[in-house]
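Asks: Below is a structure I'd like to ask you about.
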Amino acid sequence: MSKRAFNFCAGPAALPDAVLQRAQAELLDWRGKGLSVMEMSHRSDDYVAIASKAEHDLRDLLDIPSDYKVLFLQGGASQQFAEIPLNLLPEDGVADYIDTGIWSKKAIEEARRYGRVNVAASAKEYDYFAIPGQNEWNLTKDAAYVHYASNETIGGLEFDWIPETGGVPLVTDMSSDILSRPLDVSRFGLIYAGAQKNIGPSGLVVVIVREDLLGRARSACPTMLNYKIAADNGSMYNTPATYSWYLSGLVFEWLKEQGGVTAMERRNRAKKDLLYKTIDASDFYTNPIQPSARSWMNVPFRLADERLDKPFLEGAEARGLLNLKGHRSVGGMRASIYNALGLDAVEALVAYMAEFEKERG
């Protein structure tokens, strides 16, 4: 097999080699059963065991309290932008949202279709280069919930703190930083995460929801979007994304073998520290984000001359450093360094950055 490239894509993102190798080994014949997981009935004993183990391992990794349901749903995180207000926002209620970038803005726009939204704080005041401190937030006392995106994959902003909401349920889009380090799940009413960054392949979204928030859906909420129905049916009201669920379970097993989220925190800290140190030590590369708000998972950076972007990307690809082009709305470069990428990937990237700067700077 040819050497695998280092994939810095924001999503769908790199998966651990060990997970892909195991999936390959089990592709045609899962544990001597003579069929692929893709061919299994989702209601068979074998598949139910696969699904149950995935949930058990995720609960173990994040130490999820027993009064929370873990749902493996379809539609990605973007569908949650509608599903959350349909389940949690009364028609005469108001929801607080924090705007820190493109994904939180999309959530705000969708929620406004279903009810009143109060944008309690916005990073726009800081050109989206910093996160407003909670002393700047204008929260609604009796809000149905407070929503924020813990990490903005495009802009590269990440909360390094959990907001205080005074008993109002806290809802977070954790698509790109879930499982990157330890988390106190009990601080949240609901956590959701699209799988294709730090969990597994696309086609799946994981929702962790406190049980007392179930059963609040509007009467007009579609059956398929009702959290309580999903919970009551073990996320199998209809056929789930079976293979994505299975692969996510393999990722959870791999994470436990690596030492869990505490080990991931050490690994991810080393990666992001090396990359930001390289950028900050250079006059050729820049990252505009306030240091306290810099993302551990998505590191945007610019070259001194944007005319060098194309040759930089071409040189990177020739060295097996893939998908470093920044989002079209931001430009520049972006290195997404999720759990599956090791320190060796970042070491290879910074070595190339130094080489390119020496030649073109």
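Glycine residues also receive a Cβ, built from the backbone N, Cα and C atoms like all the rest.
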Asks: Which single residue out of Trp30, Trp103, Trp296 does Swiss-Prot record at the pyridoxal 5'-phosphate site shared with Ala77, Ser78, Thr153, Asp173, Gln196, Asn238, Thr239?
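Replies: The candidate from Trp30, Trp103, Trp296 that Swiss-Prot ties to pyridoxal 5'-phosphate along with Ala77, Ser78, Thr153, Asp173, Gln196, Asn238, Thr239 is Trp103.
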Asks: So what sits near Arg43 (L-glutamate binding site) in its own chain, CB-to-CB under 8 Å and at least six residues off in sequence?
Replies: Met236
Asks: If I take the alpha carbons of Thr239 (pyridoxal 5'-phosphate binding site) and Lys197 (N6-(pyridoxal phosphate)lysine), what is the distance between them in whole Å?
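Replies: Each residue's Cα considered, Thr239 (pyridoxal 5'-phosphate binding site) and Lys197 (N6-(pyridoxal phosphate)lysine) end up 23 Å apart.
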Asks: Between Ser78 (pyridoxal 5'-phosphate binding site) and Lys197 (N6-(pyridoxal phosphate)lysine), how far is it from one CA atom to the other, in Å?
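Replies: Answer for this pair: 14 Å between alpha carbons.
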